[in-house]
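According to Swiss-Prot, the protein has these features:
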- 389-517: domain 'CUB' (DOMAIN)
- Asn30: N-linked glycosylation site (CARBOHYD)
- Asn142: N-linked glycosylation site (CARBOHYD)
- Asn295: N-linked glycosylation site (CARBOHYD)
- Asn342: N-linked glycosylation site (CARBOHYD)
- Asn362: N-linked glycosylation site (CARBOHYD)
- Asn410: N-linked glycosylation site (CARBOHYD)
- Asn503: N-linked glycosylation site (CARBOHYD)
- 1-21: signal peptide (SIGNAL)
Amino acid sequence: MWKWKVILLFLAEMFVSGVNGDCACYEANNVTGKSAPISNSYMTEDFSPCYLPCSYVAYSGDETYGWTGLVLNWKTTTNSGGIIQIFDGPSATGTPIIQVAEGETIAAGIGKSLIKSSLPVITIKYSQTGSGASMFILNINNGTFVTNVYYGSISTAAGLAPIAVSTTTTAMPTTRSYSNPNFAYDPYFITHDIFVVINQRTSGGMAALTSLNALAINFVTLLSTTTDINSVSSSRLSLATLTPYDPYYSVQGGIWELSATDVLNNVPRSGVTIEGDIDSALIGLADLAFTVNKNASTDTRNNVQRSVVLLTAEWPSNALLGDNVASKFTELGLNLLVVGYNLTDAETSQLLRTDRWYNAINSSDSKITNVAAFVNPFYFNNGANNFWCPPFGITNSVDGTYSWFQEPYNYTGPHGINGVWTDPFDGQTGRYCNFANNQYVYQNNAGGSVKVQVYFELEAGKDFLNFYDASNNLIASFTGYEIAGSSFFTSTTTLTARFTSDNKSIFRGFWVSITPQP
């Protein structure tokens, strides 16, 4: 707590004093408490509104309490480019976790009101970017001064992990030490609900089954695991084996209750000789463990990726993975990875068919390098052929008046000029992927100005859609959630959009249109 008090005292000297002539900031000093008010500047003699760029720091007073529940209403707007920004931490730097444009109402319990800070300290800032007024605007009709008039507040809520008091001057590391040249990133940070499925039927006997088990074990022991349905990091695990009879699978242990050690102790130790039904088993497991908001112990998490990893040392001719399986997985926002082991050429050709909707790989061994061969391209999204996150290039509209692109490929949010996010996000399907690093390039061949409209729902402060001009200067950045979308204009000859996401929460993504202006 003392470190925040020191910061607040320091910032009290740094930030605007709150007075410019007779115009004063509504909150001229930094605040400590459970609620922080947000309102326009005022004239000291009569409290009439005026404009002053204002900023202050709010501290919850408790390391375990962050900030959320923003509500904001506008009584008067002046088209002067007013903007309210809330930053995570004790300075107005970096990307704000919440940004509210002039005239945008924030209602309690939805949209931006739900965004939470990750620290007990936030910075609240108001500024104007337009030419409406430097101090205020004169209303010629009645001779009074008017400017943007707004009022709101943001409150604290429990939920932050307490910050441990350090006994040394060495800063606590934010990431764990890890170095393995086989992996693009540390597998410990993979955040998925993962159902490992092992096919007990194999013509390779115990040697092949043992290798399948080793692949599964070498994979899950790399992960950080949890059983908490409310967590937004780490992976939850389940395990099943394929069997010859309906429902063609056998769940080993509790669904979403396993650790890596549990998987190690429950992999199959013997095989079966009768062929099962892989398609039916996958559909059944999908329905069993990958629905949201049913208030059941088998519920999947709303804001994480989901995957079934099927390990098999044979690929039977009756395993089609056809439209019925594909539609079920799409309906549930679920991904499939098939890891074959020493499959024949004919089996490999059938599994890796060109029209597949799932990820697949044929492994010749069960070493860490073989695990990396499917973790890197699919879990780390670090490859050109990831069917979980297929690329969606810039596309021309049917009438040729604009170009557009989106992510994910099955984006379900608003489109067009007047689109609005209306449906609450249940987290079942239509979500982007972790570890994204995707680029979209638009060539402004006609020259002149273009209007870029963006609808976005991203993890606030962690996942970003950034736009750059031809000189690679950042000209717009989007994160968090915008109910009615945002837009900007640019005349750059080359417009580059880059989308990046971290390893944690995922949401409904974005839709972008680029329209040449007359």
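Positions of Cβ are set from backbone N, Cα and C atoms, glycine also.
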Sparsest-packed among the glycosylation sites, when each Cβ's other Cβ atoms within 10 Å are tallied, from Asn362, Asn503: Asn362
Segment-level pLDDT (mean, integer) for the domain 'CUB' (389-517): 91
Secondary structure content of the domain 'CUB' (389-517), with strand meaning DSSP E or B: 0 helix, 53 strand, 76 coil
Protein Cβ atoms within 10 Å of Asn342 (N-linked glycosylation site), excluding its own: 19
Largest tally of Cβ atoms lying within 10 Å of a Cβ, found at which of the glycosylation sites Asn30, Asn295, Asn410: Asn30
Distance [Cα-Cα, Å, rounded] between Asn362 (N-linked glycosylation site) and Asn503 (N-linked glycosylation site): 26
Cα distance (Å, whole number) from Asn295 (N-linked glycosylation site) to Asn410 (N-linked glycosylation site): 26
Asn503 (N-linked glycosylation site) versus glycosylation sites Asn30, Asn295, Asn342 - nearest by Cα: Asn295
Whole-number Å value for how far Asn295 (N-linked glycosylation site) lies from Asn30 (N-linked glycosylation site) (Cα to Cα): 42
